Amino acid sequence: MVVKSIKEKSSSFFLYFCSKGFKKPASPQQGTKGNAVSLEQKQPGGWKAMPFILGNETFERFATIGLLSNFMVYLMKKFNMDQVSASNVLNIWSGVSNFAPLIGAFISDAYVGRFATIAVASVASFLGMLTITLTAWIPQLQPPQCPAEQQLHGHCISPSKAQLGVLLTGLGLLSIGTGGIRPCSIPFGIDQFDPTTEEGAKGINSFFNWYYTTFTLVILLTLTLVVYIQDSVSWVLGLGIPTLLMAASIVLFLIGTRIYVHVKPQGSIFSSIAQVFVAAYNKRHLRLPAEGQEFGVFYDPPLKEYVLSKLPLTYQFRFLNKAAITTKNDLEDDGSPKKWWLCSIQDVEEVKCLIRIIPIWASGIISFTAMAQQGTFTLSQALKMNRHLGPKFQIPAGSISVISMLTIGIFLPVYDRIMVPSLRKITKHEGGITLLQRIGIGNFFSILAMVAAGVFEQKRRNSATLHPGAAPISVFWLSPQLILMGFCEAFNVLGQIEFFNKQFPEHMRSIANSLIFCSFAGSSYLSSIVVNVVHHVTGGHGHPDWLTNDINAGRLDYFYYILAAMSAFNFLYFLYVAHRYRYKGQVRIEPKSEPDVELSSM
């Protein structure tokens, strides 16, 4: 028996924006049954509610992206941190912020609902931005200013514990805000439309267009205008503008309270996952039935309203099947299963989907570690290079990552409209290549990006040390590594998003998209570990470490080569796990003597 996977018609452009930290919601058809009752109880808010919802999300992203894109420069210039310490703060904060939406989604789905979660999170984001802005405004909240020459040799006064405490408090509040707003904003927007009507379905599609259009504008404005104001005008103004906009978004959001449709919490998928493992453990002493004698042994009720496709019983991870074995003590008087003692076949197979995907997901962490350097050491390189365009204008270091964005924006339409149709004629595959092949190509580009970064850093360093009196080389020498990193994102990040969404059951896609958040979080922590190990192990005997504050005296190129070697090993690991993976649509019920997941190439 072959279960056909449901095809998703999501463009790469749509997926790209998902990759920057947004969850892709269920399609209108998926919400029809689960939300119909709630929506019928009240006239949907529709487009009347959109200015409040879109404004809230737009300003939240404006605040966090505007801070993240140039935050390492802020830490080095205003808090006198060396680049290793600044990189650690940035990586740890980024990791916490990317794990937070997983917690926020659970709290929202299981307990308080989306409106309350967004409202509380918005206040937290505002308080976080206000705190960060105050560190730039009030001199007592930052260490004394340090001349560039002293900062280069590490002779500056470090921030006090109190000053660091205020800074970290602001970052923590921002992470709370991120954890509440990101996983709830799109679903809350969809709640405002009735998906059972043609008008509601059209409204949802238009909502997506407006949602990602505003996000594109936020990206462009923060990487150009906001970063320029922070770098060249005033940090107080550059941080204060997003803070004021965040305050305005809270007022807008609360004004629309009576307009919104409020869907009650329907429980979290995480509890059902835990129940499968607990039930399987509780019944660990039971024996599984012989092949062909499963009928009547396993609990297989009708599907729940929000589940669209039934998964077959498989023999991979057989120990979990025990969770679905029915015994005389497993049912309540009304016929419902006892919690933590009995699960349905569907529940068990959904957990198996998650387990199968974990090895593929793990490969993304190291690949994303290479991507994480765009916001840390790439900025350190840019600060040492010639960033002038003409005699008067200087490109802010934080804006250099626009090159990666432009690469993605130019490449994706070419890939969708030209490359995919051409490849489809050759491979006969709907996407031109399989999703695992796409992820693999992205992993390979991460290797090339780090090799290129090492090569061009060596060129930059040699130019600075061999010709100390000469003008520094152009910042556009960073273009090759940023272009390659753009290709890595276009293939790897987008491939993972589509892969997770297609290989998970439809109603578990919130988890699927949460895995992307977790991948970025894991890569941030791994990057911090590698940076600290390299910083403490290298150097000595009169030589500075590779990541010393003066990158002209260090060996940042060696650090990039280490990341390239890690990416190469990760690529081999990915090839192994991808070879053993079988797509959900090809999972079969086989006899015990034969594995239900056949080994196949990508």
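Here the Cβ of each residue, glycine as well, is placed from N, Cα and C on the backbone.
Per TrEMBL, the feature transmembrane segment maps to 88-108 (among others). Packing against the transmembrane segment (88-108) from elsewhere in the chain are residues 21, 23, 64, 68, 71-72, 75, 81, 114, 117, 121, 171-172, 174-176, 178-184, 265, 268, 270, 372, 375-376, 510, 514, 517-518, 520-522, 524-525, 527-528, 531-532: each is 6 or more residues past its ends and has a CB under 8 Å from a CB in it.
According to TrEMBL, the transmembrane segment annotation covers 114-138 (among others).
Cβ atoms under 8 Å from those of the transmembrane segment (210-229) belong to residues 13-14, 17, 20, 22, 50, 54, 57-58, 61-62, 65-66, 69-70, 186, 189, 237-238, 241-242, 396, 398-399, 401-402, 405 of the same chain, restricted to positions at least 6 beyond its ends. The transmembrane segment annotation in TrEMBL covers 210-229 (among others).
Residues 51-53, 55-56, 58-60, 62-63, 66-67, 70, 74, 78, 118-119, 122-123, 125-126, 129-130, 132-133, 136-137, 226-227, 229 of the same chain lie 6 or more positions beyond the ends of the transmembrane segment (235-255) yet place their CB under 8 Å from a CB of it. Annotation comment: TrEMBL describes 235-255 (among others) as transmembrane segment.
Residues or ranges marked as transmembrane segment in TrEMBL: 354-373 (among others). Beyond the transmembrane segment (354-373), the same-chain residues lying 6 or more positions past its ends with a Cβ under 8 Å from any Cβ of the stretch are 91, 94, 273, 316-317, 436, 439, 442-443, 446, 449-450, 453, 485, 488-489, 492-493, 496, 499-500, 503-504, 508, 511, 515, 518-520, 522-524, 526-527, 530, 560, 563-564, 566-567, 569-570, 573-574, 577-578, 581, 597.
Listed as Cβ neighbours of the transmembrane segment (393-415) (distance under 8 Å, sequence separation of 6 or more from its ends, same chain) are residues 12-13, 16, 69-70, 73, 219, 223-224, 227-228, 230-232, 374-375, 378-379, 382-383, 387, 475, 478-479, 482-483, 485-487, 489-490. Per TrEMBL, transmembrane segment is recorded for 393-415 (among others).
As annotated by TrEMBL, transmembrane segment applies to 435-456 (among others).
Outside the transmembrane segment (476-494) by six or more residues, the chain places 12, 15-16, 19, 364, 367-368, 370-371, 374, 378, 381-382, 385, 400-401, 403-408, 411-412, 415, 438-439, 441-443, 445-446, 448-450, 452-453, 456, 459-460, 516 with a CB less than 8 A from a CB of the stretch. Sequence annotations record features per position, and here TrEMBL assigns transmembrane segment to 476-494 (among others).
Look at TrEMBL and you will find 515-538 (among others) tagged as transmembrane segment. Remote same-chain partners of the transmembrane segment (515-538), defined as residues 6 or more beyond its termini with a Cβ less than 8 Å from a stretch Cβ, comprise 18-19, 21, 84, 87-88, 91-92, 94-99, 101-102, 182, 357, 361, 364-369, 371-373, 376, 493, 496-497, 500, 545-547, 555, 558-559, 562-563, 566.
Residues 359-360, 363, 366-367, 369-370, 373, 377, 436, 439-440, 443-444, 446-447, 450-451, 453-454, 457, 530-531, 534, 538, 546-547, 602 of the same chain, all 6+ positions outside the transmembrane segment (558-578), place their C-beta atoms under 8 angstroms from a C-beta of that stretch. Taken from TrEMBL, the feature transmembrane segment covers 558-578 (among others).
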| query | Counting only residues 6+ away from its ends, which parts of the chain sit with a Cβ under 8 Å from the transmembrane segment (435-456)? | reply | 360, 363-364, 366-367, 370-371, 373, 378, 477-478, 480-481, 484-485, 487-496, 498-499, 502, 557-558, 560-561, 563-564, 567-568, 570-571, 574-575, 578, 581, 602
